[in-house]
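S.K.: Shown below is the structure under consideration.
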Amino acid sequence: MIASILPTYSRAPLTFVSGEGSWLTEQDGRRFLDLGAGIAVNALGHANPALVEALTTQAQAVWHLSNLYNIPAQQKLADALVDATFADTVFFTNSGTEACELAVKMARKYWYDKGQPDRGEIITFTGSFHGRSAAGIAAAGSEKMTKGFGPLLPGFTHLEFGDMAALAAAVTDQTAAVLIEPVQGEGGIRPVPDADLKAMRDLCDTHGALLIFDEVQCGMGRTGKLFAHEWAGVTPDIMMVAKGIGGGFPLGAVLATENAASGMTAGTHGSTYGGNPLACAVGAKVMEIIADDAFLAEVNRKAGLLRQKLEGLVAAHPDVFEAVRGAGLMLGLKCKAVNTDIVAAGYAQGVLTVPAADNVIRLLPPLTITDADIAAAVDKIDAAAAQLQGANA
Ligand SMILES: *Cc1c(COP(=O)(O)O)cnc(C)c1O
């Protein structure tokens with residue numbers, strides 16, 4: 001008999017009933033250090049008092065308003081995002097994959113309105129992840145995500161991640177857009193070198209193609225800048241945001257330049273819940289906290305601390321780990337042992353990490369994690385690795 005919850009997830013036998021900061025409490029009372037943060041969602045930790053207050057204050061005023069009317073919290077968040085980024089305009093969604101849907105529609109409508117209705121091709125990369133909608137899986141293109149779901153949305157060309165020569169050959173005057181995560185998340189914490197992001201910008205400019213960054217996982221302070229692309233000193237035309245921006249409340253966004261958004265006129269797109277008062281009240285508070293130089297300086301300092309300790313772990317357990325990679329508090333441990341075994345051993349030690357492709361475990365702690373919790377987390381991963389080594393000896 002089928003489970004009452006559609007069995008699309010494989011879940012660990014853990015049931016968390018409450019959280020505070022970087023900690024989650026299991027129903028049996030055990031406490032876990034959370035280095036997954038709901039996969040980079042709980043950017044400011046669990047039960048953050050400022051976010052609880054923003055949410056409950058809004059809840060007492062009004063929960064939902066249609067986009068038939070003005071929504072002050074939405075305006076406030078849009079203004080903050082426009083102020084802090086390359087963007088001139090923002091559309092709010094409820095998730096990352098809905099942001100992908102709009103990014104694709106926006107790029108295609110742009111060319112349609114420019115008198116090139118057949119210029120719909122979007123270039124993407126192997127190992128990418130853009131969500132589970134029809135456009136999202138077609139964009140990523142992996143067999144794992146697309147098998148059995150055809151016919152797929154057409155118009156995507158998939159290139160090998162990191163193959164800049166292939167990209168230079170593929171971008172033409174018929175390319176609508178290039179879509180890339182500045183740091184691949186699901187793909188195994190694979191940063192795109194700054195020089196490659198710059199070269200992509202140049203290629204797109206040469207051919208007039210739009211550049212779309214998917215910062216759903218790597219954005220909102222995760223890498224130590226508000227958005228990861230800032231490290232490379234280039235800007236996209238369109239950007240997808242979600243995960244951390246809601247701090248745990250469902251919220252996503254598409255940011256765009258005025259030019260890239262020029263096709264999206266009244267009636268061309270919409271969402272019932274997108275930009276609702278509850279999500280935007282929380283999102284506005286998240287932005288206020290994260291888009292702050294002192295906050296981001298702390299993220300960078302803590303990132304250095306965590307990275308240094310992880311390098312020590314790799315040196316101490318050369319049979320279990322191979323290398324540390326990533327940026328800021330978006331770090332990956334490339335494993336020699338099976339990554340899911342290490343994640344499971346972590347559960348036994350009271351630490352939560354997240355597996356990714358390429359035999360990597362991801363560390364995406366709350367950006368507010370304390371130095372003491374970083375030290376405790378690394379000790380627990382150390383114990384998990386020792387446990388695995390013991391088992392294999
Ligand atoms: C998680 C993720 C998405 C999809 O977001 P959902 O909110 O799950 O739809 C898209 N792109 C990237 C890079 C992601 O990490």
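Backbone N, Cα and C define each Cβ position, glycine as well.
Grabbed the feature section from TrEMBL, which reads as follows:
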- GLY96, THR97, PHE129, ASP214, GLU215, VAL216, GLN217, THR272: pyridoxal 5'-phosphate binding site (BINDING)
- ARG132, SER271: N(2)-acetyl-L-ornithine binding site (BINDING)
- LYS243: N6-(pyridoxal phosphate)lysine (MOD_RES)
S.K.: Return the residues near GLU215 (pyridoxal 5'-phosphate binding site), defined as same-chain residues 6+ apart in sequence whose C-beta is under 8 angstroms from its C-beta, sorted by sequence, else 'none'.
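M.R.: Result: GLU181, PRO182, PHE227, ALA228, HIS229, MET239, MET240, VAL241.
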S.K.: Based on DSSP, name the secondary structure state of the residue listed as 'N6-(pyridoxal phosphate)lysine': helix, strand or coil.
M.R.: helix
S.K.: Which binding-site residues are spatial neighbours of LYS243 (N6-(pyridoxal phosphate)lysine) here, meaning Cα within 10 Å, out of GLY96, PHE129, ARG132, VAL216, GLN217?
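M.R.: Cα filter at 10 Å returns GLY96, VAL216, GLN217.
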S.K.: Any idea which of the binding-site residues SER271, THR272 has the thinnest Cβ neighbourhood at 10 Å?
M.R.: THR272
S.K.: Name, in the order they occur in the sequence, the residues of the same chain whose CB lies under 8 A from the CB of PHE129 (pyridoxal 5'-phosphate binding site) and which sit 6 or more residues away.
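M.R.: Listed in sequence order, they are GLY136, ALA140, GLU181, GLN184, GLY185, GLU186, GLY187, GLN217.
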S.K.: In the three-state scheme derived from DSSP, which category covers ASP214 (pyridoxal 5'-phosphate binding site)?
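M.R.: In the DSSP reduction, ASP214 (pyridoxal 5'-phosphate binding site) maps to strand.
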S.K.: Which of the binding-site residues GLY96, GLU215, SER271, THR272 have a Cβ less than 6 Å from any atom of ligand 1?
M.R.: GLY96
